[in-house]
Amino acid sequence: MVKASLFSPATPHFFQPFLLGSKSHLNIPVQFFSEHIEGKHEGKTVTLRSDASEKTWKVKMEGQRLTHGWKEFVEAHVLGVGDFVVFRHERDMLFHVTALGPNCCEIRYTLSGSRCQEDEEESGEIDKEVEKNLTKFVKLTPTSASFETGRQHLPASFTRVNGLIKPGKIILVDKKGAEWAMELKVETTNGSIMYMYIMSRNGWSIFCRVNEVRAGESLTLELIRGGASPMLKFCSKMEQPPFEAEASAHKRAKWSQEIKDKTAEEGEPSHRTRASKETNANQENLQDKQPCSVSDLLMTKVKHSVVSTLTSIRRFREELKTKEQELEDTLQEIKNLVPCWRTERRRQRE
């Protein structure tokens with residue numbers, strides 16, 4: 001007998017995680033599109049239905065994308081980042097859609113069509129966690145004046161939410177993993193408004209040069225340790241406009257030479273410090289981290305949702321494997337019972 005499969009070829013499936021851009025459109029996986037749609041149903045309108053409602057939705061398909069009408073389906077099912085949807089191709093261009101939440105379970109809906117409270121709370125917790133992660137990043141735009149004075153202000157919204165309100169030492173980690181010890185200082189205006197800033201006479205300008213950040217360009221730093229001696233790690237710099245890219249290319253060699261000359265004059269140990277024993281113990285972890293490719297802080301939210309969805313998908317697959325194995329075991333038991341049943345029937349007839 002042919003081995004039974006949980007997914008019948010007659011009703012193929014595909015699933016997609018719900019990301020930031022998923023509200024306006026959804027991409028159909030390349031393999032699914034080429035095997036079941038391309039050359040057969042391209043450019044047509046698909047029909048979506050679900051167990052959450054008796055209503056059906058007409059959604060336009062443009063290439064491999066579901067576009068016009070998809071947003072209405074999303075809003076009707078209250079889908080958000082961290083969820084993912086499973087499509088079952090039933091016939092022609094009719095799909096049955098199952099929405100799964102961050103807990104890898106099917107989303108439950110009330111009679112009015114809203115999500116059950118438990119699912120909403122869990123989705124809300126994910127959004128809060130994402131927002132919390134976003135506060136760990138700060139975007140700075142150094143100027144020529146900040147290079148000359150060695151003084152770089154930090155946004156009050158960043159310092160306050162992360163508790164960076166006391167003067168002391170601060171460590172910056174460049175893109176190569178080297179650490180730079182600087183001062184975190186406080187400035188009070190009108191006796192009440194407080195501003196925090198990084199201070200290092202020559203260290204700040206050299207740190208920016210090492211990371212190839214010029215005056216007027218922006219860089220993103222990630223707070224990887226708070227407390228009495230906070231640590232900020234270089235994450236990325238904002239891409240230059242095309243008309244500036246060529247001009248800066250021939251200057252990189254000059255910057256490199258300036259850095260070497262400056263370091264030789266100042267003495268490397270006076271600006272670059274090795275971490276304490278505790279920091280050294282974590283140095284490998286810092287270097288092992290994949291460098292951020294963040295040009296916008298919202299990329300963090302995308303990363304979080306992808307990781308969360310992948311975790312849910314893995315759990316979902318494991319549950320499917322377990323269920324399939326149970327069905328196969330049951331089938332085998334039935335096979336084993338058939339001969340016994342036949343023998344018993346034969347005895348009764350005799």
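Placed from the backbone N, Cα and C atoms, the Cβ positions cover glycine too.
Remember, TrEMBL labels are computer predictions, not curated facts.
Under the heading compositional bias 'Basic and acidic residues', TrEMBL lists 255-277. Marked as compositional bias 'Polar residues' by TrEMBL: 278-292. Per TrEMBL, domain 'TF-B3' is recorded for 11-103, 137-238. If you look up TrEMBL, you'll see 243-292 marked as region 'Disordered'.
With DSSP classes pooled into helix, strand and coil, the tally for the domain 'TF-B3' (11-103) is 18 helix, 42 strand, 33 coil. Averaged over the domain 'TF-B3' (137-238), the predicted model reaches a pLDDT of 88.
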